[in-house]
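K.L.:
One structure follows; several queries about it will come next.
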Amino acid sequence: MKALRYLALSMAAVLFLIPFYLVLRNGLATEQEITARQWTFWPSEIHWENFGALFANPAVPMVRSMVNSLVVAVLQTVGQLLLCGLAGYGLARIPYRYANVVLYFVVATLMIPAAVTFVPTFVVVSTLGWVSDLRGLVIPGLFSGFTAFLFRQYFLNFPRELEEAARIDGLGHWGTYWRVVVPNSKGFFAALGVIAFVTSWNQFLWPLVIAQDQDSWTVQVALSTFLTAQSIEVTQLFLAAAISITPLVVVFVALQRLLVRGATETGIKG
Amino acid sequence: MRNGRAFWLFVGPFAIGLLVFVYVPIGWSLLLSFFDARNTVTPSEFVGLRNYADMLTDQPFLSSLGTFSVFAAFIVPLTFVLALALALLVNQISFMQGFFRSVFFLPTACSYVVASLVWKLSIFNGVRFGLANTVLGWFGGEPVAWTVSTSPPWYWLVLVTLRLWLQLGFYLILFIAGLQRIPQHLYEAAWIDGARPGWQTLRYITLPQLRTTSVAVVLLLLIAAYQAFDEFYNVLGTDRGYPPFARPPLIYLYYTALGSGGQDFGHGSAGAVILTLLIAGVTLLQGRVITR
């Protein structure tokens, strides 16, 4: 029984890992080897020189698009934690006459997935002149009602004694938040931050809509353009894909615990 | 009054952003949906409810809802059952538990674009050297044109397996978290009462205890399927455009509002409003589950 379990899990694990292997294999093989009539699982030889060819190819803005993706992902992660964290704390802890009205407006946005409203958002962002602009890529994604709401729920359960001690020491709301609440909530910030980074790096629809000039492409838009047009060599396309997932695989392996917490936190509130 | 200042210091920046990037777009879109607005984002001619009437009688728009239903009918139960089965298996073992959990979770790191690349050009490549066709060949099958064949519609196999691979790990994590919240003494009590480990405890303890998680998973899966765009666009789209079949709602909306055939923001906005109203009910239900 136990052996059967391990057998089933191992088979599933192999199936789950094959696509990753294929990205690497196709990225480091030759065009002839990929398109040969006979499918070979192991390439006869690893062609490291494909890296040089990919980065030397002027048609593929690999470095530029990776930098764009990184800038967007970092800014969106930091911005979301900053804005939504502050808002969540204010909504949870600062008594104010209209706090409930504001909360109502935040919660109402939870009904509407951002992807469904990409046309309206595009209309507004293009009016601001932010098409093919870093501002257009980053800023609309910062104001997540969902993240603000998660922060609020978290801060509602934050131990009040810690805040009261800070109050006695003469700190106002602002000082309490930065000197006591944030340092004692690192795990929660980190968990939501990792999720925000991964989501931002992998997002496709919004960058596709807004990044219309090649210079503003994120790595996902660049890959998609070459995939749908099939305009570059297949090996280079796969190698570019392998490079594009490397940062996230590193994040996943290094920060697995945080990710699991973040996934549970954002998926279902325990 | 001092509280008011402190409150807006914390909430103000976020509230302004929410207003500008969520409420203004929705309001503007509502406005545009009653106007003729081709290649412009300023309302030109008032047309009343005509955009809505056009959309609700537009065959491609209605069939995009049909496409979503077919997709959801496959992907929701498949992901649910397989994620639960793997979660049960992973939860029952002790040796290498972390390893298996990591392996199943790892595809979540992959973008839909990269997964589409692998599925379209490597696994389900329509020519003889594709992986799926090679495997078919071992059993004497003829190569299948996976992504372009409409009868039978093999592209569903491509799209469903792709999403299954990519999203399963996330739901597996949710199920494992749910399983670990079940008090151990329930099982012990059942064993004392003579229940055999296996189907009986699964049926009478595990599944009922997972109810909240299960409801949340189904709703999350539905909402995610409703927003399907990335893999459809990348697997089926080419530089000559998108085929006339298998257009889920967001693909349809994308080509109506931003496609090369001219930007039609009047109809695009009406479509967005209809789709938003349709999904709002489900997300409302999800909010109930999450916040309770």
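Residue positions begin at 1 at the first shown residue.
Including glycine, each Cβ sits where the backbone N, Cα and C put it.
Remember, it's a predicted structure, so these values are computed and weren't measured experimentally.
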K.L.:
Among A:137-155, A:194-212, find the range that TrEMBL records as transmembrane segment.
P.N.:
A:137-155
K.L.:
Check for me, if you would, whether the transmembrane segment (A:137-155) reaches the transmembrane segment (A:70-89) - at least 3 Cβ pairs under 8 Å, residues 6 or more apart in sequence.
P.N.:
yes
K.L.:
The transmembrane segment (A:7-24): which same-chain residues, six or more beyond its ends, come within Cβ distance under 8 Å?
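P.N.:
Distal contacts: 238, 241-242, 245.
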